[in-house]
Amino acid sequence: MGGRSSCEDPGCPRDEERAPRMGCMKSKFLQVGGNTFSKTETSASPHCPVYVPDPTSTIKPGPNSHNSNTPGIREAGSEDIIVVALYDYEAIHHEDLSFQKGDQMVVLEESGEWWKARSLATRKEGYIPSNYVARVDSLETEEWFFKGISRKDAERQLLAPGNMLGSFMIRDSETTKGSYSLSVRDYDPRQGDTVKHYKIRTLDNGGFYISPRSTFSTLQELVDHYKKGNDGLCQKLSVPCMSSKPQKPWEKDAWEIPRESLKLEKKLGAGQFGEVWMATYNKHTKVAVKTMKPGSMSVEAFLAEANVMKTLQHDKLVKLHAVVTKEPIYIITEFMAKGSLLDFLKSDEGSKQPLPKLIDFSAQIAEGMAFIEQRNYIHRDLRAANILVSASLVCKIADFGLARVIEDNEYTAREGAKFPIKWTAPEAINFGSFTIKSDVWSFGILLMEIVTYGRIPYPGMSNPEVIRALERGYRMPRPENCPEELYNIMMRCWKNRPEERPTFEYIQSVLDDFYTATESQYQQQP
C-alpha cells in the first residue's frame, strides 16, 4: 500500500495568523512536463497516475499483525480483537473484505478509518471500514446504543421523520465520563413532539439505575424493564431510534488523486473562482468537485492549506476527501444533496422551514465554528453560500481556510468586486485583520441571512454605503419574525471591538438551548 504520512507536527492546529509554511505533510514539488505537482517521497513513477497518502492517516497495528517489530504491538498471547459487522458491506476496492451484518472478524491492523481484518468464517483477509463494525460484546452492537452523540444531536435524530412516541437511545453522557443517558421521544400538548433525557446512574457494584427503586445489573436489563412499562418515565420505550448506514470512509491512501479517477456528471453551480460539480470517483463513490480557475491560487500554497484543512474533521464540517494538484486544481468533498444553505433557504422547501428549524440550522453552524475556534483556525469567508445542507437537513461548513490562498485581487482587495464586504468585520475591511472574532462578526450576518430566508444583507445598500454606515455605528434592524433573543446575539457579534464579541462556544450553548434555557435539560428521577 506504500508509505503513509502522518501528522507529526504538534503545531498543526495553529495560531490565527500562520507563517507561510503551513501543513503537516512533507511534500516535494516536482516539475514534470511543464506541470508542477506534489508527491510524497515514496510515490511511484511520475508518468503513471499518482495517488498520495492521506496526511491524517496513522497506522496502529493490531495484536494479530504479523510484524512483531512494529512499535506498539502487544505481547504474544494477548487477546484477539474480535469485531462484529453492524451493517452489510460490499467490497469496492480490490483489497477490501466484503461482509454481512453479524459477521465476526479478527482485527490485524488498526490504520485510520480502514482496518485490516480476517473473517472468522471465510478466513479471507482485507480492509474493512472501521465505522461499520464494533467490538464483540460491546454496547455498540446494541441497536439502541449511540456512541459519542451529543444531547442536541440525540434530539435532532429522535425528532427526525420515521421515529415514533417512545423511540429511544442510550448514549454516552457529555458531562460525566463513563456514564450514560437515556433519551426518549415524547409528546407535549404545548410543545408538540419533544425529547426527554434521563441520567443513568451507576451503582458501586457496577449496576445501573434511573430511579433508585429499580436497579439493574446491565443496561440491556434496564432497557427490557422500561420496554414493559414506563415506570415513571415519560413514555414506555418502544423502538430504538432509526439510524442510517454511516458514510463509507474515503479510499485508503487516496489524498492526491489523478484527474482521470473522476467523472464530472452534473454542474451544480458556478462561483467566483470556479465551478461545483456532482461527480463519481473511480466509478463507485458520489462526490462533489470544486474546480478552481487556473491562476486563482498557487498550487504550493493550496496544497499546504489543504493538508491542514484535511486534519479538521467534525460532523458539522464538510469532509475534504482528496485533491487534484495539477492545474486546474480540483477539491473533492462529500456530496451534500440540498446544496448551499443560501439556495436552500430561497427554495420552496427552505422557505417553509419554521423558526425553530432556522434556529437549529444556526446552532449546527455555531457548533462547527466552535470546533474551528477550538483548533485555532479561521474560516475567513463565513456566509450562507458557504454552508451546505444534507438530505436530512444537517448543515455543514464548507470552504474553510480557502479564502487564505486565493490570489485574485478582485477578491483580496477591499475595493475588489468579489470582496464580500457585507459579511466582513470592519477591522478585516480596514486593516486586513482576520481572526476568529472577524468570523464571529460574519456569523452575525449569517444569522440575518437565515432568519430572512436568504435575503442579501443591507438590502438596497452598495458596498461603499455599507462601509460608511458601519463607521457611523449603523447596524441592520431586527426583522419582524426575529425573536429579540436572536437579535441580541447578532448585535453582540457586531460589537465594534473584536474582544467584546462572544466566543462560538458561547453562541453554540445559547442556540442549542434557545427554547429550553428556562428548564432543566434532564428529567428528575422518576
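Positions of Cβ are set from backbone N, Cα and C atoms, glycine also.
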Record-annotated phosphotyrosine (source Swiss-Prot) among candidates Tyr51, Tyr198, Tyr281, Tyr474 | Tyr51
Ranges 1-20, 61-80: which does Swiss-Prot label region 'Disordered'?
-> 1-20
From Thr56, Thr202, Thr215, Thr412, pick the one Swiss-Prot annotates as phosphothreonine?
-> Thr202
Of Thr36, Thr42, Thr58, Thr176, which does Swiss-Prot mark as phosphothreonine?
-> Thr36
Given the candidates Ser138, Ser150, Ser296, Ser462, specify the residue that Swiss-Prot annotates with phosphoserine.
-> Ser462
Cβ density check for Tyr209 (phosphotyrosine), other Cβ within 10 Å (all protein chains) comes to 16
Fill in the CA-CA distance, Thr202 (phosphothreonine) to Tyr209 (phosphotyrosine), as an integer in Å.
-> 6
Using a Cβ-Cβ cut-off under 8 angstroms and a sequence gap of six or more, which residues of the chain neighbour Ser462 (phosphoserine)?
-> none
Have a look at the recorded positions (Thr202, Asp381) and report the one with the fewest Cβ neighbours inside 10 Å.
-> Thr202
What DSSP reports for the domain 'SH3' (78-138) is 3 helix, 29 strand, 29 coil
